[in-house]
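Per TrEMBL, these features apply:
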type	residues	note
ACT_SITE	THR167	active site, nucleophile
BINDING	ARG195, VAL196, GLY197, ASP198, THR218, GLY219, HIS220, GLY221	substrate binding site
Amino acid sequence: MLPVVVVHGGADHIPKERSKNSMSGVCSATRAGYAVLKGGGSSMDAVVEAVTQLENNPSFNAGCGSVLTVKGDVEMDAIVMDGKTLGSGAVSAVRNIANPVQLARLVMDKTSHACLTAEGASQFARSMGVPEVPQESLITEYIRMHWKKNLAPGANPVECQMGKMGTVGAVAVDSEGNVACATSTGGILNKMEGRVGDTPCIGCGGYADNQTGAVSTTGHGEAIMKVTLARLILFHMEQGQSVEAASDLGLAYMKSRVGGLGGVVTVDPQGNWAARFSSLQMAWAAAQKDTLHYGVYCGEHFTQSIEDPN
Ligand code: ASP
């Protein structure tokens, strides 16, 4: 069954004209992650590579393409976790860097901490030689338009926050059976300055443990935090549920208990995987045994050879 990588591009309502780009983005990020695994790379290398690609893709709400705070700024959150050691690294409310997921990995690898925030995270980035980028290079016209719309009198940014997101994440199992997860986001539309969502919170935006599996989540962060969604799904797996059933149970509980919608990608150390969501759509893709699996609407599951470029 091994190795495998599974990627999501956010639990969303994806406008029709954008769904093609979301689909091709998650497919090419999955191919990149799978190439790392096939080349003997670790599951951590694979999830960071896949998420880096999606951060660089302006179709997604992470890195370039991040949504804006109410003041019009980009503040990003990211997490990585290594199932072998339970080591994790995260950044929250970080500005002016292209790839928060790589900074999260540096927090894990180079500090004794699990999360750095805001200006402290920026200082750490500088000390590690991570290039600073102008905020403008992270902002797309599409996102600026949504931001402006939500500032208009009568707009309902809370309702809008339930959709049009596009957080990205990945889980993987490598050929040694090590699992890992990575998640990265610009957060939710017109959020307050300093708002930190679920993504960088361990057990919420992601969790990885070789004894059970790995999960990366997406959806309304305030709801995800209330039910610690990633850890909840792994709890159900510990109780004997399959990756699919555990993912559905976690999402159903979040919906019934706190009215939250979302999506997840999940693996177990044997290489069983699932991509499940309670939102209208979630662009997802997986690669295993040289086959690419993908879909965006509920019930959709296409397959093709990993070699096929389309
Ligand atoms: N979970 C993210 C947040 O609340 C948003 C998303 O997944 O789209 O920051």
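Every residue gets a Cβ built from N, Cα and C, even glycine.
Shown on the structure are the features that TrEMBL records.
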residue: THR167; record: active site, nucleophile; CB count, 10 Å: 35
residue: ARG195; record: substrate binding site; CB count, 10 Å: 17
residue: VAL196; record: substrate binding site; CB count, 10 Å: 19
residue: GLY197; record: substrate binding site; CB count, 10 Å: 23
residue: ASP198; record: substrate binding site; CB count, 10 Å: 31
residue: THR218; record: substrate binding site; CB count, 10 Å: 32
residue: GLY219; record: substrate binding site; CB count, 10 Å: 29
residue: HIS220; record: substrate binding site; CB count, 10 Å: 24
residue: GLY221; record: substrate binding site; CB count, 10 Å: 29
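In this entry, substrate is bound by ARG195, VAL196, GLY197, ASP198, THR218, GLY219, HIS220, GLY221, whose most widely separated C-alpha atoms sit 16 angstrom apart. Taking ARG195, VAL196, THR218, GLY219 as the candidate binding-site residues, the subset whose CB lies under 6 angstroms from any atom of ligand 1 consists of THR218, GLY219. Comparing GLY197 (substrate binding site) with THR167 (active site, nucleophile), their Cα atoms are 11 Å apart once rounded.
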